[in-house]
Ligand code: TTP
Ligand code: MG
Ligand code: MG
C-alpha cells in the first residue's frame, strides 16, 4: 500500500456535555441522560445521601435537548429535539442542566492532551479538532503485516492521552484530508478509530447519505434528493457538467471533488479573531435624551474596555460598529470603516459617534455594544498615521447624539 501525502485526523468527543456530567455523577453511567434542563433541574442530594434527579416526564416548557447519552439516543432522543417531545420517547430519562464552564474546562484539557502527542492542531469548536499527523514520528511505519499499524498506534496514543487527562472518550477518523476525516470520525462512534485510505472511498464513503459530507447543508441536501441523488456515490457518478448546471460553477465542482474525496485544505493551527466586541444590558431602559449623560458615559466605558482588549491581544481594527437594542427587542447595528486601523479608546469612540449619527432614537434603549473588526496586528497598524488625521471626517463634538 502506498502511504498518502498527508495523514489528517478529525477528533470528536463522545456525547461531550453528557459525558462531562457523568464524571460528576458516575452513578448515572449507562443511564439515559439528557442535557438541557434549567438550573432548577439540578440533582439534589437527600438527607440519607441518595440523589434525586429531574425526569424528562416532569418537564414542561419549550427547551430543547442539547445532547444526550448513547443510552438516551437508543430511545430516539437526539440533540435539538424539543424536551417535551423527547419525554414522549424516554419519560424516565434523567434531565440535567448544562454547565458550560466545566465543558470549557474539559475542552481545554482534551486539546492540551492531544497536543502532547501531536502538536499541529486546528481548533474546530468545543469538542472537536483536526490534527495533522503527517510529521508525527512513526506514523508511516508498518506494524507486522499491517501497513497502517503506525497510524493506528498514533490514534490509540492520542485517545489514551485524552482519556488520562479527562476520563472521557472520543472518536477519531484518520484519512488523507479534512473532508474525509470529518466523515470518518463518525463511522465508529463512540470510542472508535477509523483509518481510511483513498481506496476505501467507494466501499465506505459512497454508500453514505449526501448530508454526511460537511458542506452539504439542509438546502443542498434536499435539492440533491429531489434530483434523485441520495448517496455520496450518486454524486460521484453524476457528471461534473450536470452538477455545475444544477448548482452553479463553484458549488458544482466542489460537490464533484468532495464526492471523490478530494480536499487539499491545510490544517490551520491558529485562527485570528474576526472581531472583538463588548456590550452591556442596562438595568432599566434608558432614554436617548433624558439619559444622555449616562449613555455617553456607558459608551465611553465600553470603548475603553474594547481598547484594553485590543491592547492585550495586540490588535487594531479598521471597522468600528455599534449594536443598539431598543425596548421591544428591536436591534439596530451600524458600522463605519475607517481609513486606517485604530486601537485607542478615543479613536474608537470617535467612530462610534459617526455610527450613532445614523440611528433614529425613538424608543428607549435596553442594550448597547461596540465592536471592532477588520483586525490587523498592532505592529502593522503603527506604520500608518493616526486615523483621525487621515480621515476626512468632521470633528466628533458636532456629531454624536451622546
Ligand atoms: P456533537 O459533537 O455534535 O455531539 P456530542 O459530542 O454530544 O455527541 P457525539 O458523540 O455524536 O459527538 O456536539 C458537541 C457538543 O455541542 C454537545 O455535547 C452539545 C453541544 N451541542 C449543542 O449545544 N447543540 C446541538 O445541536 C449539538 C449537535 C451539540
Ligand atoms: Mg461530539
Ligand atoms: Mg462535535
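Here the Cβ of each residue, glycine as well, is placed from N, Cα and C on the backbone.
TrEMBL: automatically predicted annotations, no manual curation.
Listed features, source TrEMBL:
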- 8-217: domain 'UmuC' (DOMAIN)
- 12, 127: Mg(2+) binding site (BINDING)
- 17: site 'Substrate discrimination' (SITE)
- 128: active site (ACT_SITE)
- 383-402: region 'Disordered' (REGION)
- 387-402: compositional bias 'Basic and acidic residues' (COMPBIAS)
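Only 12, 127, of the recorded positions 12, 17, 127, place a Cβ under 6 Å from an atom of ligand 2. With respect to ligand 3, the recorded positions 12, 17, 127 contribute 12, 127 as residues with a C-beta closer than 6 angstroms to one of its atoms, given in sequence order. For the domain 'UmuC' (8-217), the model gives a mean pLDDT of 96. Residue 17 (site 'Substrate discrimination') and the residue listed as 'active site' have their C-alpha atoms 12 Å apart, to the nearest angstrom. Counted within 10 Å of its Cβ, the other Cβ atoms near residue 12 (Mg(2+) binding site) come to 19, all protein chains included. Shown in sequence order, 12, 13, 16, 107 are the residues of the chain, 6+ apart in sequence, with a C-beta less than 8 angstroms from the C-beta of residue 127 (Mg(2+) binding site).
Counting every protein chain shown, the number of other Cβ atoms lying within 10 Å of the Cβ of residue 128 (active site) is 20.
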